[in-house]
């Protein structure tokens, strides 16, 4: 924040900054999470003769909404319109998200219904925002209907769509509801991002759905995706605890073959189980770890191998 103020003073003393420049600085204040500083800086902009644009208002609205002050953000819409700045789809999406944070699904739905009235076309982002609002209020049925509506309107489900629905289903219907959506996602050849992969892997393993966890692993590998180390750790521990050490070993090899380090946690689990019955596999794993280190040095938390089996 101090740096932003310093930049502002230097800019203003040397040449006339544009509204775009001021918006960038305003965004910096917003990212600090300090609504008061955002408003103080905004009014300083106005005092010095800058005319706010739609970006300026969107930043202010987002600042309020992210701090749980949805109604304060909503009041800015009237101020925008008085300044001849018509709300955009981004404005409404931000407000819907803010309504969700405030657990006000009534306002969220009303804002969503404003979209066609303002001659705007909804996109996946605004659907995701409303879906998130329903999920926060534990209204899984409305969220599910919204997902179906997206399909009817030819809007693709993205990672945020799936992650939001999975998190909601985990809290409401449990593993059964998640599995139904999971199989739907897989049937569409969709590859989720790391956060969703880890979440699903944890859920499968916690519920002893090891076959589904392994099926998910193979699906990701076949798609050319190298799972996050947290997902690997969870899967390896689960496989070993169910006596499926051979599969745990193969998963670890696949990670190393793709130039990714194993975590210390993962290696210790394998070491403990492989020492009891297959020292050759442990030696192979250790050799691959050592070879990888000559190309990509391990960072903190990565396995460095063991000296006793070299």
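Placed from the backbone N, Cα and C atoms, the Cβ positions cover glycine too.
Marked as repeat 'PPR' by TrEMBL: 18-52 (among others). The average pLDDT the prediction assigns to the repeat 'PPR' (18-52) is 87.
Positions annotated as repeat 'PPR' by TrEMBL: 53-87 (among others). The DSSP breakdown of the repeat 'PPR' (53-87), given as helix, strand and coil counts, is 26 helix, 0 strand, 9 coil.
If you look up TrEMBL, you'll see 123-157 (among others) marked as repeat 'PPR'. Tertiary proximity for the repeat 'PPR' (123-157) is limited to same-chain residues at least six positions away from its ends with a CB under 8 Å from its CB atoms, namely 89, 92-94, 96-97, 99-101, 103-105, 108-109, 112, 115, 164-165, 167-169, 171-173, 177, 185, 188, 190.
Sequence annotations record features per position, and here TrEMBL assigns repeat 'PPR' to 158-192 (among others). Here the repeat 'PPR' (158-192) has, by DSSP, the following mix of helix, strand and coil residues: 27 helix, 0 strand, 8 coil.
In terms of DSSP secondary structure, the repeat 'PPR' (193-227) contains 26 helix, 0 strand, 9 coil. Per TrEMBL, the feature repeat 'PPR' maps to 193-227 (among others).
Residue counts for the repeat 'PPR' (123-157) by DSSP state, with H, G and I taken as helix and E and B as strand, are 26 helix, 0 strand, 9 coil.
For the repeat 'PPR' (18-52), residue counts in helix, strand and coil come to 26 helix, 0 strand, 9 coil, using DSSP.
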